[in-house]
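Going by Swiss-Prot, these are the annotated features:
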type     : residues       : note
BINDING  : Asp487, Asp493 : Mg(2+) binding site
DOMAIN   : 554-613        : domain 'KH'
DOMAIN   : 623-691        : domain 'S1 motif'
COMPBIAS : 701-720        : compositional bias 'Basic and acidic residues'
Amino acid sequence: MFNKHSVEIDWGGRPLKLETGKIARQADGAVVATYGETVVLATVVAAKAPREGVDFLPLTVDYQEKTYAAGRIPGGYFKREGRPTEKETLVSRLIDRPIRPLFVDGWRNETQVIATVLSHDMENDPDIVALVASSAALTLSGAPFKGPIGAARVGFVNDEYVLNPTLDEMVDTQLDLVVAGTADAVLMVESEAKELNEDIMLGAVMFGHRHFQPVINAIIELAEKAAKEPREVTVIDNAALEKEMLGLVEQELRAAYAIPVKQDRYAAVGKVKEKVIAHYFPEGQEPKYDKLRIAGVFKELEAKIVRWNILDTGKRIDGRDSKTVRNIIAEVGVLPRAHGSALFTRGETQAMVVTTLGTGEDEQYIDALSGTYKETFLLHYNFPPYSVGETGRLGGTKRREIGHGKLAWRAIHPVLPPHHEFPYTIRVVSEITESNGSSSMASVCGASLALMDAGVPLKRPTAGIAMGLILEDKRFAVLSDILGDEDHLGDMDFKVAGTESGITSLQMDIKIEGITEEIMKVALGQAKDGRIHILGEMAKALTNARAELGEYAPRIETFKIPTDKIREVIGTGGKVIREIVEKTGAKVNIEDDGTVKVASSDGEAMKAAIKWIKSIASEPEVGQIYDGTVVKVMEFGAFVNFFGSKDGLVHISQLASARVQKTSDVVKEGDKVKVKLLGFDDRGKTRLSMKVVDQTTGEDLEAKDKVAEGEKAPREAAGE
């Protein structure tokens, strides 16, 4: 019944098995990849006919984690998986980025890749397994895919690279780098690093590339057994049409791409397009070509003119040479009520970045496949349509926004202070107010400034830069701080973020094969020069974190109480802690180990809350005087609440120095009194006294009498 085929190899000391022919047999391609005991099913289905009216590759990649893979049931009312989590979105992009450039030009059939995590062994992260499985499924599917690709995760521990570190090993690594590519070239890199230098980062990329070669060979071996016949793609020869169009508009198009201002340039290019449309689609005549074909050829001309100009003259669209960074203006403290804020402008790209400091109540609860945890650093990236002069629908967060936000998060995360030293929940929001390339790196620069403006003690300021590449035969140009057009028309998008000491984040997407180690080395070196320049411009606004937190930011005090006192501080059903919060206005968070965090922007409120909590958690001392409140009046005395939640009895004989007939003659419920702790009776009940305390000044009358007697005794002994 099953026509099974499988290949198994040892990869990094663990077995990797690829199997097809048993599960999801109606998909064009389906592979179950097993690494250790982590299992991922990847399927590929491509439509039989091209999608009408599109001039792009209609590819969709979906990565999904099933909670049963970890032996768990989803939370929530419905008890089933909901919308994609942040990790699912990020891994979907991680798979999409290296496979998209490898489809044959002209493939317009709807293609969907679905990677489903079926089992997770809590050691091997499913993302790499999903990438490998997706590559294998595409290779078997018959889709025009110029793969296969391999992928690997690289760690760096004790000055040595580690292949596919386990989740436990990731705790100690200085590097988390994912690299994917073909047998000959690297296509994608995604990483976070603890300020590592360029040589270590490049070495990690090449280490990963070498070590995923056995995976590529295994996929090829499986394809030889089970691959479908490749589907044909009709490729139209546009050489003659391109030559004709070039003769028609070359001069105008070159002139348009010499205009440095984006909106003016787009207007000029628009007029050239109108000329092309008027020429090829004259009114009243049957057109010779369809509009998509003309638009595609025009786009090719745009790319060639921009690329030739850069390689031939060294001049870019806006007149810069390949290494120059656009003009930068950095400002901090731009929003009066925000805890920290910055406006970072680089050419026609601008980010307004805002930092908000919160408490433990604001931590994000993450219910991940590998377990639940709390996230104390959040970075959100928003890209509204007005930033590029367009209208658009505002709605849910898009995949691109999630991806760019995570890239900026990775750049900043390594320089944050440890949470035990700076016990705040930190949220950074980057609002892209203008965009013409490199908005994610503007977010990194703005985030660094906004955090320092808020008083967050970063290890060092952090900056980011986006690099591009133009490669024609053996000629190439690496471009610093690319524009949006240079991103679209170039061969590489290479984002590098870090401090003056090293790289904290590296993301690379390459659209062509043939990027050599030499080119990557040049790009990294040029990126370092650009990063140092940008850090210098940022320093004109702020060089280090402010000594004090923002005026409106909460202050947090941390202290410990005995664990057996936690229940008393919280109270039945949270009654006591709610009262503390309501009456003082401070926020209180108590952890299982007895760590208490009290937060408030009002210093007096914080002091009151701390005093209240400590009074509950501490034990009163015999002989000390305390403020109290009469809570109950009885015939034999009064019960007084003191020292937080403690209650004690003032016997009728201890109410006043004179004889008291009725307790109510001296006190009534609600009276504020001063009491001295005399001790405890045989049953452990607290004994208090009012008569030995001056109810006005709080002075200990008993102690005063003893002092007086002590002074009197020597005089009597002398015969006075």
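Each Cβ is built from the backbone N, Cα and C atoms, and glycine gets one as well.
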For Asp493 (Mg(2+) binding site), nearby residues of its own chain (Cβ under 8 Å, 6 or more apart in sequence): Ala466, Met467, Gly468, Ile482, Asp487, Gln507, Met508, Asp509
DSSP residue counts for the domain 'S1 motif' (623-691), split into helix, strand and coil: 6 helix, 35 strand, 28 coil
Local confidence of the domain 'S1 motif' (623-691) - pLDDT mean: 88
